[in-house]
Amino acid sequence: MKNLIFIILTTFATYGCYSQTEKKITMDSTKKDNPVSSPTDSTRAILTDEEYKKVLSPEVFYVARQKGTERPGTSKFENFKEIGTYYCAVCGNALFKSDTKFDSGCGWPSFYEPISKGSIIYLPDNSHGMNRTEVECGKCKSHLGHVFEDGPPPTGLRYCINGVVLDFEKAKVAEKTYNDQQAKPTDKH
Ligand SMILES: [Zn+2]
């Protein structure tokens, strides 16, 4: 029962991020059997671990689905400075903007703030004799990393994220994708 409430809340949080237009499309949709599918991409949903194993690379599966940790200093995103958006590599959920990324020196890509409240889930993690807060993707519940309270202003938080579970899209590419999607439904001529 607790899980069900959690899923419902998560679903609401996810749907809350989309515009009215997209919401309308969702409501008109006849596919109501999958509460976690995205309003904009029905192919993205929560899969079983067996299914994830087939579609994800071994590195992504290990971190995202088995709560693994990539070796520090190995992510191409650790010192990456491009302007754009970081997405969940498993489901495509938008997670962080590049302007909230900072050099923490901890060995993993670090951000001080997620892109929206619903983009991330927080869970207590008492493994390895430590009291930490795990962060998971708000949409597919894949393990991303941990959040610590030693980050810079304005939040004072440090989201320490495994780069292997991140996908990056440059600002101009993201803008073009967005504009293309907006242009599709209505043909003005
Ligand atoms: Zn995800």
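Cβ atoms are placed via backbone N, Cα and C, with glycine included.
Any TrEMBL annotation is an automated prediction that lacks curation.
What TrEMBL says about this protein:
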DOMAIN    49-171  domain 'MsrB'
BINDING   C88, C91, C137, C140  Zn(2+) binding site
ACT_SITE  C160  active site, nucleophile
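Ligand 1 lies within reach of C88, C91, C137, C140 from the recorded positions C88, C91, C137, C140, C160, judged by a C-beta closer than 6 angstroms to any of its atoms. When secondary structure is read from DSSP and collapsed to three states, the residue listed as 'active site, nucleophile' falls in the strand class. Taken through DSSP, the domain 'MsrB' (49-171) splits into 29 helix, 40 strand, 54 coil. Around C137 (Zn(2+) binding site), the C-beta neighbours below 8 angstroms that are at least 6 residues distant in the chain are A64, C88, V90, C91, N93, L95, S119, I120, I121, L144, V165. For C91 (Zn(2+) binding site), the count of additional Cβ atoms within 10 Å of its Cβ stands at 22 [all protein chains shown]. Its Cβ placed at the centre, C160 (active site, nucleophile) has 23 other Cβ atoms within 10 Å.
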